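Below is one structure, written out as C-alpha cells; the observations come after it.
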Protein chains: 2
Amino acid sequence: MSESLRGFTRTCYCGELSSKNIGQEVSVCGWVQRQRDLGSLIFIDLRDRTGIVQLAFDDNTEKSVFDKAFSVRSEFVIAAKGTVRRRASINDKIPTGEIEIAVTELRILGEAETPPFEIIENSPVKEELRLKYRYLDLRRPEMQRNIIARHRIVKCARDYFDENGFIEIETPMLIKSTPEGARDYLVPSRLHAGKFYALPQSPQLYKQLLMLSGFDRYMQIVRCFRDEDLRADRQPEFTQIDLEMSFADEDTVISVNEGFIKKVFKDVLGVEVETPFTRLPYAKAMELYGSDKPDTRFDMTLCDLTDLARGCGFKVFTGAIEAGGSVRAICAKDAFDKLTRKELDKLAAFVKDYGAKGLAWTRLNGENTSSSFAKFVPEETLKAMYSRLGAKDGDVVMIIADADNQVVFDALGALRLEVANRLGIIPKDKFNFLWVTEFPLFEYSKEEGRYVAKHHPFTMPAEEDLDKIESDPGACRARAYDIVLNGVELGGGSVRINDPKLQNRMFAALGFTQERAQEQFGFLMDAYKYGAPPHAGMAYGLDRLCMLMLGCDSIRDVIAFPKVQNASELMSSAPSTVDEKQLKELHISVSD
Amino acid sequence: MSESLRGFTRTCYCGELSSKNIGQEVSVCGWVQRQRDLGSLIFIDLRDRTGIVQLAFDDNTEKSVFDKAFSVRSEFVIAAKGTVRRRASINDKIPTGEIEIAVTELRILGEAETPPFEIIENSPVKEELRLKYRYLDLRRPEMQRNIIARHRIVKCARDYFDENGFIEIETPMLIKSTPEGARDYLVPSRLHAGKFYALPQSPQLYKQLLMLSGFDRYMQIVRCFRDEDLRADRQPEFTQIDLEMSFADEDTVISVNEGFIKKVFKDVLGVEVETPFTRLPYAKAMELYGSDKPDTRFDMTLCDLTDLARGCGFKVFTGAIEAGGSVRAICAKDAFDKLTRKELDKLAAFVKDYGAKGLAWTRLNGENTSSSFAKFVPEETLKAMYSRLGAKDGDVVMIIADADNQVVFDALGALRLEVANRLGIIPKDKFNFLWVTEFPLFEYSKEEGRYVAKHHPFTMPAEEDLDKIESDPGACRARAYDIVLNGVELGGGSVRINDPKLQNRMFAALGFTQERAQEQFGFLMDAYKYGAPPHAGMAYGLDRLCMLMLGCDSIRDVIAFPKVQNASELMSSAPSTVDEKQLKELHISVSD
C-alpha cells in the first residue's frame, strides 16, 4: 500500500548533498537503486535525476522506520527525512560519497515489481527491450544525461537566436500536400470529404512567406515528418532548428550560425570551437574526399591518376578513361600489416556496394610488394602514380576506375571512411566543422526522367550560372550550403529566389507545367508579386546535432520516445487499428 | 527588374533611429509604406518590423537616385543608404518623427503590384480576405506586434520553467489512437497496412511516463490536435504550455504557476499581478457565478431564492422546486433605463439557448415598477426576495427557475455575462485570475449512458471521496484545478493517480472492461508496476493566453497562419485532394 506525500516537503535533490550539509536536516525523494541489509544496519541508495545519496538505518533508528526500510526493494519510490552525517566508509566513486542521511522518517510512495532489466549505466540490454520499457530505460543515468543535455542544447539555441533578433514563430502542422520532395504523411479531413492535409516535411514555404511578411529574422524548433523508408539515422518524425533571414546572403547566414555553434559547444560542452569554418566548394569536396559531407578529422585524400593512367595499357583503367570516366586512388599510410590480401578482398567487396566494378591495390614493401594490377602497367607509370600519392614502403594504395565519375567518387569516398575506421586513425575527440558550398542546383533523376532540385525549387542559382538554367542545367551551381561535422551533414540551407520571374524559370526547368506550378505553389507565386525581400536561411537536424555533441551512436539515444526502423513505437504499439466508425467519419476505408 | 543586395549591409532597423543619430551615415531596408512626390521633393516612408523612417530626396540628391525614388510604389522592397538629419517639419506621431534620411544610394530589391488591401493599422478589411492574403495581413503593425509579443511570451515561459528546474522534453506526434476524449486526427501508416497513427490531443500519457522515468519536472510547448467542430475560439491545431511535476501536489503546482503568471505579465506587459490567486471550489463557483470559469471583474453574483419561493403559489417556481430544482436570481444595479421590456424580451430569448424555459423579471422603480411575475406571488415573498438581492429602485431583478439545477446555473451564468456586457460594466483593464478547484471527478454522459471523466481518467479523486468511486460517482470530487482569467479558462490540471489499483478502479467506474483498459492503456498500467511517484501537472492554452494578454478578440489574431471554422486554411487551400498513387501507398481509398 503506497503512502501519501501529504505534509512532506522535499528540501533538496539527492545529488546536491555533500559534506557541506553535515548536521542539516534534509528531505529527499526518489527511486531505490538498491537496498543492502546488513542485519543491524540497512543502507538504501536513493536515486533521483541529479544522482545518488545513501540512506542509513541503524540501532538508533526507530523500529517502525527500520522495519519499513527492511521491506524496501529496488525501484520502490520513497521519501526520506533525516540528518546528514559523515559516512563511516567513504565512497569516492560518487559525488555524495562522503556523507549519508541518518533517516528518521521514511515513506513508501510507490512499490515496484522487479523490472525486466536493471537500471544501471551501460546496461547490456537489447535495444528492443529497452524501447518496449522505455520508461525504465529513461531512468538509466546516460539516458537522463542525454535528455537533459538535449534540453540545454535547445535552450541555448533559443537564447542565442533570440539575442540575435530572431523571432520564434509557429507554422502549421496540418498543411497542403506537395508531391515535390520526400513522401508526405497524410491526414484525412473529416469536414472536407476526400481531401487531405499533409504533415510538414519542413516549414519551408511558411518561413519564406514570413520573410515576405517582414518578420526579418525567424526561427523555430519544429517537428517535421517524412514518410521514407528508414535508415539507421532517420526517424519518421524529427526535429529541426529552422531559421530564415531577410536582407541576408550566405555570408550573413554562415556567420550567424558559426556564432551559434560556437556558443552551444561552449555552453553545453565547454568546448571551444574555432571559427570561421573552412568553406569547401562541392566540386572540391568530391575531388578531395569523394563526398559532399567529408570527415576532415583525418587526411587520406583522393588523388586523381587519370592523366598518368591514360594509355597505360591496362584495360580496366583505359576503358574507364576512354568512356569519359577517371582513375583515382587513396594511399593508406603504414597500413601494410593491417590491410592484408584478405582484408583487401573484403574491401573490394565493400566498394561493389557503391557501384565500383573492382578495386586495384598495391601493398608496398620493397621486395615483398604485392599488387593486384602492377603486372598490367608499365613500371614508370606505377612509379609516377606512387610518387603522386606519396606512397612509401609500408603503405597500401587503393585505386578505383570507372566510366562514371560519380561511381569513382562514391566508392572511393566510402572506402576512405571504411579504411580509416579499420585502421582506427579517426580521432574521436575532435569536432571538425566545415561548410560545403556551391552545390549543383539540379540533379538528374533517372527514375523521373527529368532534372529535380538538389536542395529545393526555391534555391537561388549562382549569379554566373543564371543563363544556363535552360541550356545546361547540370552545370548550374546553387547558392546553397551545408554544415558538416565529422562527416555528418548537420544542416543546410540556401539563398532563396525572391524574383517571381526567376522562380517561374526554375519551375519550368524542373518540368512543371504552368498549371501544375500554379496549383501547387500558386499562393507562393502570388505572394511574390507584392514585394519580396532577398532572403536566405537554413535548418539543422536537431537530433543529429544532439547525437554528435553527446557522443551517442544513434539518434534514438537522444529522443525520449523514438520509433524503430519500421516506424512503429514498441512501447505503445503505435500505429494500431482503429474503430470502423472513425474511418467512416473520415470518408476513407482500408483497401488492399 | 529587381537589384541585388550584394555589397549592401544594413546598419540598423528603421524604428531605431532618432535625433541621437543625426549626422550618421546609415543603411536601412524595408517596405515602402508610401511615396509622396512633391515635384522637387520626394519622401518615402520606409517600414520594417520596428517602425517607419522617412527617406528624403531633394535638389541635392543625385539625379539617378532621385529618378529611382520617383519610380517607387507602395510595398516595393528597397534598400537605402544616407545621412540622418533633422526634419523640416516634425511628426510627433511616430518615434522617428524628428529625423529623416537624406538618401545617397537607393536599390529596388523587389517590385510590388498594388496589394488587395492597404497595409495599415486597424484595416477595415474582411477577415476572409486578410486570411487569403495572410502574408500581407501579417505586415500590418498590429499583427507584427501580436506575433512578436507571442514570441516574448513563449520565451518568458521557457526561461521561467527552465530557471525552476523544468526540462523541456519532446514527446511524439505520431502516437496511438485512444477513443477516450475528443476525436483524433488519424494518419494512415504506409508500412503497416490498415493501421493508423493519431496526432496527440495532448502529451498526457507521455508526460506521466516521463514522471515515472524520473525526470521530476517536465515542460513542453507543444502542438496538439483535436478534430472537433470548431467554435470561435478553437483551432484544429493549437499550442499548449504543458508541464508535470513529481513529488508535488496541487499546492506546489499552483504556486509554481502563480510565479509564472506573475513573471510573464510583468516581463511582457509590465503589469503587476497580485498572488496568490483566489481559490474557488467548483460548487461555490456555480453557486455564485453559474459558471466554472467565472468572470470576477464585476459582481452581480447569483442569489438562491429557493427557500423564499417554496410554496409561493407561482407554478413556475414551485413546480421547479418540487421537481428538485431551484429558483435563482441576479440583480442588475441601476439598469432600469437600459433594461427595457424590449431588452428583457431579448434576454428571455437568450436564456432559452441555455435550456431555460423563461425569464422572470422585475424592473424596480417605485410606482413605475413593472414585473413579469409579481402578480402571481405574495407581496411579502417579493419583498423578501428583493431584500435578499439588495435590490433597490432603479435596479432590475432577473429570476430563473428550473427543475434541473444545471440549467439554472448555465442560463443565469450566461445571462450575468450578457447583461454585464450590455450594461458595459466589465472593466477592460483588469486581469482577474482565480483557481477553480474540487471539480467533479465524473460527469454523466447521456449520449454514452455512462459516467465519463470530467478531466481525464488519470485524475486523482479527493481523499475523502475515495470510497464513493463505485457507490456514488456523481458525488466524487477530483483533485483538479483550472486557472481562469477574466472568465476564460486559461488552463487546468490535476494531481494524477499513481497507484495502479486505484487506476484500475477508475477504469472500471468509467465502464472500461479489463480487456479494453489493457488494450488502450496497457503500457501505462504496466509502467505503474515499476515504481510510480506521486505527480501532478497542468497545461495552458497558449493561444488563449496570448489572446487575453494582447487584448485580441480572436485567437486567429495571435496565430501566424490560422485555420477558419471549417478547418481549412484560406491561403494555401489546405486540405486538398491528393494523387491516387499516394492513397494507394497508404492502403486506403476514399469512400462516400
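Placement of Cβ uses the backbone N, Cα and C atoms for every residue, glycine included.
All annotation found in TrEMBL is predicted automatically rather than curated by experts.
For A:GLU180, A:ARG226, A:HIS455, A:ARG496, the entry in TrEMBL reads L-aspartate binding site. What TrEMBL records for A:ARG226, A:ASP227, A:GLU228, A:GLN235, A:GLU489, A:GLY541, A:LEU542, A:ASP543, A:ARG544 is ATP binding site. TrEMBL lists A:150-562 with the feature domain 'Aminoacyl-transfer RNA synthetases class-II family profile'. As annotated by TrEMBL, region 'Aspartate' applies to A:204-207.
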Helix, strand and coil counts within the region 'Aspartate' (A:204-207) (DSSP): 4 helix, 0 strand, 0 coil
Across the domain 'Aminoacyl-transfer RNA synthetases class-II family profile' (A:150-562), average pLDDT on the 0 to 100 scale: 95
From binding-site residues A:GLU180, A:ARG226, A:HIS455, A:ARG496, the one whose Cα lies nearest A:LEU542 (ATP binding site): A:ARG226
Recorded L-aspartate binding residues, A:GLU180, A:ARG226, A:HIS455, A:ARG496 - maximal Cα separation rounded to whole Å: 22
Integer Å distance between the CA atoms belonging to A:ARG226 (L-aspartate binding site) and A:ARG544 (ATP binding site): 16
Between A:GLU489 (ATP binding site) and A:GLU180 (L-aspartate binding site): CA-CA distance (Å): 22
Whole-number Å value of the largest CA-CA distance among A:ARG226, A:ASP227, A:GLU228, A:GLN235, A:GLU489, A:GLY541, A:LEU542, A:ASP543, A:ARG544, listed as ATP-binding: 20
A:GLU489 (ATP binding site) versus A:HIS455 (L-aspartate binding site) - Cα distance in angstrom: 13
Spatial neighbours, same chain, of A:GLU489 (ATP binding site) - Cβ under 8 Å, 6+ residues apart: A:ASP292, A:LYS293, A:ASP482, A:ILE483, A:GLY541, A:ARG544
Spatial separation of A:GLU228 (ATP binding site) from A:ARG496 (L-aspartate binding site) - C-alpha basis, Å: 26
